[in-house]
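Have a look at the structure below, then the notes.
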Amino acid sequence: MVKRRLSAFGNAFLIYFIIFRLCCCSPQTSHWCKYPALCLKSPDTHNENLVCDAYLSVIATKSEEKEASNPTTWDFTPTNKYQEPSFHTKTSLNGSDTISSNFLSKYEYSNGTSTSEFIDSISPPLVNETSTISSSKKLEQNYSVTEVIDTNIITSSSVTLPISEDGSSTSAAATIDSNIDEKTVAFSEEKRFNFASTDCAAAVIKTNPEAVGSSSILTENKDKYMLNKCSAENKFVVIELCEDIYVDTVQIANFEFFSSIFRDFKVSVSGKYPKYESSWMELGTFTALNLRTLQSFHIENPLIWAKYLKIEFLTHYGSEFYCPVSLLRVYGKTMIEEFEEANEDFLEQKVNDGSAIKADEIRKPQESPIFVDEEDTDVQSKPVRKNPSVELNSTDTLLSSTVISKSLSTVVIGNETGKSESYPATSTRSFNDISPSSSSSYSTAQISTFPSNQESIYKNINKRLSTLEERKKAFDEIVEKILTNYGKHNAKNMNFTQLLHELNSTLQLEISKLSKSVVKPSLFALQAKLELLSAENEYFQSQITSLYQESSFQKRLLMLQLTVLIVLTVYMAVSRLPENLPTTRSSSNNPIEASRPPFSRDEQDISKANDFRVSASSAVYTVGPELLQRKKRDPNTSIRSIHEREQDKIIHSRSHSVC
């Protein structure tokens, strides 16, 4: 049993070795390969694509035949649809797409084979799946493969892809880096700073709900990627960049096999994170190639200084389940870089203007004055040469961006015939752009590359400083005129001051004479009257003081008399009281009981209550010894009647004493 298994294993290993020798050969060993088109990978190169060397093997085999006169075509179909050629694509000036293969080849082949036959023979998937190549109408171009020694440098072997005769092309040019592991990258983008990297604190702000691992696209690790379902309706990613930049290049890559590659996508930017989707500013819609390499997309008009970048994936190649994105890079210019470039251009223009002015001074042409209209005052500047090849402004007053204040809003230049034309001060036309036959001149300013783009803060500050300098110059001119006028009137002011001084001295002399003759005698008389009045005032004050003292004495005497009168009145009233007032309980030894009246108020209340509410028999009275004696004298008289009589006597005696 073991022997059978070992023999089967040996047979399988032998079959595998034979197939490997037949199919996995290199271009250098293609002279003994029976099927060079089946070569999968070259051991001498580090290319990740598995079909490039197969194409090279076909080219090398055909190059050995050296059939330049007879066009040769090849029929080749890749063994795997995911094994795609690694091409470096860029847009040339004439509009044709140039593909440069990054591989090592020691063969040179050149014949009259048309480009359509070459593309159809060696790369059917690229032609069929890419919308940028028209299979019906193609221009015939020759191709060549040249020898390159260093494998780390992109070779000069290239193939010019055909374009349609009507000039149609893609909406954006895609630059594909076939070997991102190598040091040399197309357009030297690798040397630039990536503003969508986690090294500078860039972050993924938002993605569609189906996206997984979105932060992986900001790292350089090829094994990590943002995974997205191709069936998702709205696939997007929002990234916060490191700084506010002018976005000029976006690079996207998908290195994953057995997955669909993005095709059409839209790039939008915003300075602040927008609340609404309509706030995003679209930079363009781009079409990528069906290649698993780093693809570059250049943006012509960045519009604004972007802090947030949004990429929406619209379509994709193939019909796989997942549409991953492995890497994203964003390149651009910061505000300070834009300002430095503008400053360099300004310095170059300043040097050119200075040389032009020096050359014009030698010619000594006819001069004509220039007038500047202001809101309130017309200011005439120095004459300027009429030659249109000379700039209007000198090197001392030339600014990086011509921004004149409201007071210097219009420039009017006269000519020999008396005609004049007015132009705003923000005109971007210079003297160098006008032919010598022109009859008018224009002010100079820099021409911006993108006039609709948002200006940087440094450029805005520079413009404000330029405006401030212009206003200061205008202010200095006005102050100089004012000082000139002041100098003219200064002599008149001095004469007027001297006249006032002489008049003042004359008036002082006249006033002193008048005071000596008139004012002093009157002053003496007034002083005598004042002394007399002060003496009379002192006499009146002494009289008033004596009267006050007398009145206070009389007041005290009156109070004393009133007091004595009151005392006498009280005494007389007390002395007139009757002496025989009846008293009750006089025999009592208690003085308090003796001083009590015959009956108290409580007893009166009781008697009144008995009169009105109770019968006479139930009345209670206090009976003294006198009442008992009277009762004995007159038994028919009741105690009540006797008591009433006594009360009448008491009341009568009291009223009499008071009277």
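Glycine too: its Cβ is placed from the backbone N, Cα and C atoms.
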| note | Swiss-Prot lists as N-linked glycosylation site, out of Asn415, Asn636, residue Asn415
| field | Of 72-99, 632-659, the range Swiss-Prot labels region 'Disordered' | value | 632-659
| request: Measure from the CA atom of Asn495 (N-linked glycosylation site) to the CA atom of Asn504 (N-linked glycosylation site) and give the result in Å, rounded to a whole number. | output: 14
| Counting every protein chain present, what is the number of Cβ atoms, excluding its own, within 10 Å of the Cβ of Asn504 (N-linked glycosylation site)? | 9
| message | Neighbour count, 10 Å Cβ-Cβ cut-off, for Asn495 (N-linked glycosylation site): what number do you get? | response | 10
| Can you check what DSSP calls Asn495 (N-linked glycosylation site), collapsed to helix, strand or coil? | helix
